[in-house]
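Going by TrEMBL, these are the annotated features:
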DOMAIN    27-467  domain 'Major facilitator superfamily (MFS) profile'
TRANSMEM  28-52  transmembrane segment
TRANSMEM  58-78  transmembrane segment
TRANSMEM  90-112  transmembrane segment
TRANSMEM  118-140  transmembrane segment
TRANSMEM  152-173  transmembrane segment
TRANSMEM  193-214  transmembrane segment
TRANSMEM  264-283  transmembrane segment
TRANSMEM  313-331  transmembrane segment
TRANSMEM  338-357  transmembrane segment
TRANSMEM  377-400  transmembrane segment
TRANSMEM  412-437  transmembrane segment
TRANSMEM  443-462  transmembrane segment
């Protein structure tokens, strides 16, 4: 049972029939179970993918292609399910569809680990992760803002928990000696992991079917679509901003203010294009760690002298998941998105700096295969792993603030920003793998550090322009500046 206090109870106009301590619907708990199972499945694959591919003769370039395919499929899937969520009465039908596609991808990945099939399977799994859009909508149906905030926090908690439980399962299975087990060969603990991941997806489908039998309610978006067809919705990175009071997680705000243009160093249209390019670079930098960290450290196809086995890497990911979850929770208490973005990029820059091998006292990076001290390298990984998701979240949130304050909200800007996100996810792993294979890992980490520095430089250049666009102060000559009415503000609801 959720106990919450509605401030509308204090208003004489809203006193009648308000309920405090309303029982949580069963579909909410079912949705949380699906989020937990599906994300555990994803986390198992993300940690074990490189040794699995290497044992099947697949190179690191195809690992990068598989990661790019996953993120491309995810972008298309979010767009697809965001569109059909308004046209389908039942959340459960969309969930069943998306999870079934994910299951097909998981089975192909486990049964036929060839290059072409791996690319197809990871793209299918990525498309299936569009179910997260449906789950967010299912789990955040609440009219009360305090209850809504509580439910959003629970969604974030279960997502973070999944990325801790997944590596724990990997550590447990990979540490078991399966060589004497009938029908299981020495190297097949990886097979056990990938099939177990598929089983978790199948379990999610079973829970979805149970949810359909228990809950027959109609999607709030389907109802809203029947009642009104005049909503103006912009979708960016799988998140929607609605320009009226019935939007996705929108907060009604009827403030009318004027936007100053006199202090803008860069015109608003050019500033937002440069900001979108910065967002693209952030993804490029983050994808370097996601693509190369495990191939660099592991004893199966790794290139460093660390020679960590999968158990050690999984244990490190458990600690990393806990650290990232704590920092993300604390970061949500900071309202200044510009400060968050700058801080996270500084963390990423310092992190990649720790991962690069430098020749002292000349402070020049080396082109050899010398590895940095293990503690320094892991500290760098931790800094980047903490900074990257915060940078993405704050960058998206800050963009929504800028977009909502633009004098002319052109659809081109939302499309451009979404394209920047998708291209960053698509090309980031490719650049990282090319530099890794053609030169060495040291250049890859240096490349990422330079990208972070360029992002910081661009944000410093854009800082005054962004502040001016978001300013709500009266201008010197108000007749020359059009009035903007901001009816909704974006509320970040998920961190993936």
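A Cβ is built for glycine as well, from the same backbone N, Cα and C atoms used for every other residue.
Proximity of distant same-chain residues to the transmembrane segment (313-331), defined by a Cβ-Cβ separation under 8 Å and at least 6 residues beyond the stretch ends, is recorded for 47, 156-157, 160-161, 163-164, 167-168, 170-171, 174, 294, 297-298, 340, 378, 381-382, 385-386, 389-390, 393-394, 495. Only pairs six or more apart in sequence are counted, and the transmembrane segment (338-357) with the transmembrane segment (443-462) gives three or more Cβ pairs under 8 Å, enough to call it a contact. The stretch in closest packing with the transmembrane segment (264-283), judged by the count of Cβ pairs under 8 Å and taken from 152-173, 377-400, 412-437, is 412-437.
Here the domain 'Major facilitator superfamily (MFS) profile' (27-467) has a mean pLDDT of 82 out of 100.
Between the transmembrane segment (193-214) and the listed ranges 28-52, 90-112, 152-173, the one holding the most Cβ pairs under 8 Å is 28-52. Among the stretches 90-112, 152-173, 377-400, 412-437, 443-462, the one making the largest number of Cβ pairs under 8 Å with the transmembrane segment (28-52) is 152-173.
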